[in-house]
Amino acid sequence: MADTNNNGFFNNIKKGLFKTSSKLSDGIKKIFSSGKKIDQETLEELKELLITADVGYENASLLTQKLSEIKFNEVDYSTVKQKLAESIEDILLQAEKPLSINNKPHVIMICGTNGNGKTTTIGKLAHKFKNEGKKVLVAACDTFRAAATEQLIVWSQKVNFPVVTGNQGADAASIAYQAMQQALNDQVDVLLIDTAGRLHNHKNLMEELAKIKRIISKHDNNAPHNVILILDATTGQNAINQVEAFSQFVNISGLIMTKLDGTAKGGVVIKIAQKYKLSIHAIGIGEHVEQLQDFSAKEFAIGLLDIENT
């Protein structure tokens, strides 16, 4: 039964990565068709293909270098894909870290710019934790965007979890404080805190996030236990810029990559994993509540290159 479930997860990932995997698989087939050898010309073509998928120049160079060192009995595109997938898995393994709930309440602060799928991801996380038998509470601390609170309320009705809200423009830290008190009183297992994503106003955002963190830590010195940055994979290089920007004023402990089903540049996950050495807890591969998958280096690598799971 477990194998069937794993295959279901893999099929979801494979479907979600279809745009990127089609581009890479078709490109590799074209490069290594008609008995072409692995030589400088084909390796350069492969490197260019990987770069167009946002793998990054450094990783594209590393992957093609590793390929050049392998002694092939016979070169065919399927073998090339398999060897590439193994090398990609090696890069991604250090980033593979599912969210672990070790405290009560376990406080998770969610950061990210508006439009990255932050609110949707919170709804999906709440659904995931509830399915694991955990009691969930959400704090709507993005008080500058009325739609953020409204979206959370829609998700709360859909998934059935309570939300602590305030008026538009209310002090976000006071809502976080109220939510923390409620989480303790109600013996909540997981408290998810939505935060504002106003990157155009760094100073105010920095002060707000710091204040939320300070208020929460009055109840628990170690809280928040996770600070997760939500990144939109469709933005490519801009996702890298957001890691840089948020890292200036909050200690990011891990990432969740969203909208991988909407881009042919899914290779950006490899670039981010290699560059920042941050945990990638999960990936979003669709709008449905179930389409948030724990990140697996192997499944991502073979899904990215359109290889069957074995």
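Glycine too: its Cβ is placed from the backbone N, Cα and C atoms.
Quick look at what TrEMBL lists:
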type	residues	note
BINDING	112-119, 194-198, 258-261	GTP binding site
DOMAIN	13-92	domain 'Signal recognition particle SRP54 helical bundle'
DOMAIN	104-241	domain 'AAA+ ATPase'
DOMAIN	105-306	domain 'SRP54-type proteins GTP-binding'
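The structure, with features from TrEMBL marked on it.
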{"residue": "GLY112", "record": "GTP binding site", "DSSP (3 states)": "coil"}
{"residue": "LYS118", "record": "GTP binding site", "DSSP (3 states)": "helix"}
{"residue": "THR195", "record": "GTP binding site", "DSSP (3 states)": "coil"}
{"residue": "LEU260", "record": "GTP binding site", "DSSP (3 states)": "helix"}
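Of the listed binding-site residues, namely LYS118, ARG198, the sparsest Cβ surroundings within 10 Å are found at ARG198. For the domain 'AAA+ ATPase' (104-241), DSSP puts the residue distribution at 66 helix, 25 strand, 47 coil. For the domain 'AAA+ ATPase' (104-241), the model gives a mean pLDDT of 93. Fewest other C-beta atoms within 10 Å: among the binding-site residues GLY112, GLY115, that description fits GLY115. Long-range Cβ neighbours of THR195 (GTP binding site) (same chain, at least 6 residues apart, Cβ-Cβ under 8 Å): MET109, ILE110, CYS111, CYS141, ASP142, ALA172, GLU208, LEU209, ILE212. Sorting the domain 'Signal recognition particle SRP54 helical bundle' (13-92) by DSSP state (H, G, I as helix; E, B as strand; all else coil) yields 59 helix, 0 strand, 21 coil.
Non-local neighbourhood of LEU260 (GTP binding site): GLY16, LEU17, THR20, ALA233, GLY266, VAL269, ILE283, GLY284, ILE285, each in the same chain, at least six residues away, with C-beta under 8 Å from its C-beta.
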